[in-house]
Amino acid sequence: MATLKVPAHVPAPSEDAEQLRKAFEGWGTNEQLIIDILAHRNAAQRNLIRKTYREAYGEDLLKSLDEELSSDFERAVVLFTLDPAERDAFLAHEATKRFTSSHWVLMEIACTRSSHELFDVRKAYHDLYKKSLEEDVAHHTKGDYRKLLVPLVSAFRYQGEEVNMTLARSEAKILREKISDKQYSDEEVIRIVTTRSRAQLNATLNHYNTAFGNAINKDLKADPEDEFLKLLRAAIKCLTVSEKYFEKVLRQAINKLGTDEWALTRVVATQAEVDMVRIKEEYQRRNSVTLEKAIAGDTSGDYEKMLLALIGAGDV
């Protein structure tokens, strides 16, 4: 469920490309025109604009945006303009670099994208960086993090609704035994979390809750400061109730002393065409304030306008 507002009549890609070129020319950049076009085109339309722009002007639109824009506004526009698989590959690559490394971003991409989307991310990563995502994740992580993240980014889960209840009961019992013994990174725990379909995992976790009287994530809070356990809990949340995971990322990004613009931009840019309706509903339910109001109160200028346009606020 997306909130991206695409006009009923969308101009031809050549017209959009020409308008964007005009936005870059003359004294100062016309930021509002860039927002009016790029924040209101879907992925297929943006790809066509990029293709047409390159053919007409001999330059990648992303390079022009990079040269003309700056700071958080630039990152929001460039991230959103990217093809979704290319964008995720870029974010994953960034997450394996020393100064921008993030186990969380890798987990988020692996656990909230469909099997086909994640497969496309791996292909885009190959093409962009001449390496596999799996090898980079394996190289830049270690210990329990590597045990969890490599199979997560390598997964191709069954996407259907078929569920084996006998399996759900037996695997709920396995999870309970391992967690009771504090064997959180046991290969069986990792196997279940990284290979089972979302439907199967939900059935297993529902049985866990019913049979043992606690939600699994409550039992995984034995040590609240354990960073691996935090990541494992987040992975389970992403796989079962992703809107709650994204709501929490947004809440923490906005409520932080000094907004975490990278997290805010990442979630808005990656989810605007996917699940923003449910994320916005969850945000309002949890915080008694709309996401629009929270973003408007915490950001400013063209960056604020771009984010609000992407989450479908009013007639921005």
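Positions of Cβ are set from backbone N, Cα and C atoms, glycine also.
Keep in mind that this is a model prediction, so the values were computed, not measured.
Taken verbatim from TrEMBL:
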- Phe24, Gly26, Gly28, Glu68, Ile254, Lys256, Gly258, Ala296, Thr299, Glu304: Ca(2+) 1 binding site (BINDING)
- Asp298: Ca(2+) 3 binding site (BINDING)
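Within the same chain, residues at least 6 positions away in sequence whose Cβ sits under 8 Å from that of Ile254 (Ca(2+) 1 binding site) are Leu264, Ala294, Ile295, Asp298. The Cβ of Thr299 (Ca(2+) 1 binding site) has 22 neighbouring Cβ atoms from other residues within 10 Å, across all protein chains displayed. For Gly258 (Ca(2+) 1 binding site), the count of additional Cβ atoms within 10 Å of its Cβ stands at 5 [all protein chains shown].
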